Amino acid sequence: GGGAAMADGEGLLSVDYEVHGKVQGVFFRKYTQGEAKRLGLVGWVRNTSHGTVQGQIQGPPARVQELQEWLRKIGNPQSRISRAEFSNEKKIEALEHKEFQILK
């Protein structure tokens, strides 16, 4: 296995997420968007009515996993993540979003 297999070999992954804890009113969405852009991922993030943040991530599996780790353990300085749940993980043929957006 060479290091260049990332682009085509692994394809693309889509995964939904929901993050619980102190994640609203602490710029969590903005930081998530920044982290996703840094990793070259697309998708979206939004606040829910029940105090969590949810969204979708799409991109190369290794990068998606990096953002999952960030959502699970790190977050931004003001946030306090209690847990992150991931669902609907699936391989996709093409990205379904043009960028990573913050939805209202």
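From the backbone N, Cα and C atoms, a Cβ is placed for every residue, glycine too.
Look at TrEMBL and you will find Arg29, Asn47 tagged as active site. As annotated by TrEMBL, domain 'Acylphosphatase-like' applies to 14-104.
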Pairwise CA distance, Arg29 (active site) versus Asn47 (active site), rounded so that it is a whole Å: 8
Overall pLDDT for the domain 'Acylphosphatase-like' (14-104), taken as the rounded mean: 97
Greatest C-beta neighbour count within 10 angstroms, which of the active-site residues Arg29, Asn47: Arg29
Within the domain 'Acylphosphatase-like' (14-104), residues counted as helix, strand or coil by DSSP: 26 helix, 38 strand, 27 coil
